[in-house]
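One structure is given here, and the rest of the page talks about it.
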Amino acid sequence: MAFIYNGSQTTVTEFILLGLTDDPVLKVILFCIILCIYLVTVFGNLSTILLIGVSSKLHHPMYFFLSHLASVDMGLSSSVTPNMLVNFLTEKNTISYLGCGIQLSSAAFFGAVEFFLLAAMAYDRLVAICNPLLYSTKMSSQVCIQLVAGSYVGGFLNASFVTHFFFSFLFCGPNRVNHFFCDLSPMMELSCSDVSISEIVISFSAGSFTMTTLFVIVIPYFYIFITILKIRSTEGRQKAFSTCTSHLTAVTLYYGTIIFIYVMPKSTYSRDQNKVVSLFYMLVIPVLNPLIYSLRNNEIKDALKRQFYRKTLL
């Protein structure tokens, strides 16, 4: 039952997600592609977590943050992808009102945690390159745990903020969501409440949050680049810069998509374009991060070789 009639007011109890396409053949193709990407995402990020856990040489702050980034990537992808895969195989792509809120809050939680973790990793690189002699002191286990805990608290606050707005909206119909998951923007379009003030508050908050965390990342890299330029040897500069390229690539991909979806004016792009970029943000980035950090990191590649070598000896 999609609606409850309460006197003169109709309340929506479930929503229909329109998804990516109505074409049955294309649905099957997308199901196969997205399922493969999701399985690789889970395998890649889980392998990263396990490799860091069993390799003593990877028990450093940078890899501590990386293991949490991998778990957050799995959570972000898992908050949307399983439901999307089920909807590819069913004719009526419905999700309950409560399920929609849970999906939205999960995506908001993991998305915000990733912001803070990327900022923490930028600080880690700043200390490692600009203050190497004080690295063990400034990036102690206690500091790392506090930074990660702060990231999860920030994610919880963001999820609470977004969830509060969602459950404060009234939905009287229609109930067809023009997206593949319950994102806040298409949900506001369906609300029969006056969302004009909420839309301004949410847009301002999203823009401020994104640009503030980006600023926190840019400032450390400004000092990092100055320090790298002062290194006389070409080999030294390349080695110092190589430790930052993976993180910079991840930051560029993540912030580029977030700014497009949540910061740029809605009039500058269509809903279909928003779906494509959201798919990249929810599905492609989580599968790319393990590749970005492993292919450009000799320590991870060496640790992986050691694990394979040990298994061949057993």
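Using N, Cα and C of the backbone, Cβ positions are placed for all residues, glycine too.
Keep in mind it's a predicted model, so treat the numbers as computed, not measured.
Considering the side of the membrane named for each residue in Swiss-Prot, Asp22 and Ala128 do not coincide.
In Swiss-Prot, the feature N-linked glycosylation site is assigned, of Asn6, Asn158, to Asn6; the remaining candidates carry no such note in the record. By the Cβ criterion (under 8 Å, sequence separation of 6 or more), the transmembrane segment (241-261) is not in contact with the transmembrane segment (29-49), since fewer than 3 such pairs are found.
If one looks beyond the transmembrane segment (137-157) by at least 6 residues along the same chain, the residues whose Cβ comes under 8 Å of a Cβ in the stretch are 61, 64-65, 68, 108-113, 115-117, 120, 123-124, 127-128, 131. Sorting each residue of the topological domain 'Cytoplasmic' (50-57) by its DSSP state yields 7 helix, 0 strand, 1 coil. Beyond the ends of the topological domain 'Extracellular' (158-199), by six or more residues, the same chain brings 2-3, 9-12, 14-20, 80, 83-84, 87, 95, 97, 100-101, 103-109, 111-112, 205, 209, 266, 271, 274-275, 278-279, 282 to within a C-beta distance below 8 angstroms of the stretch.
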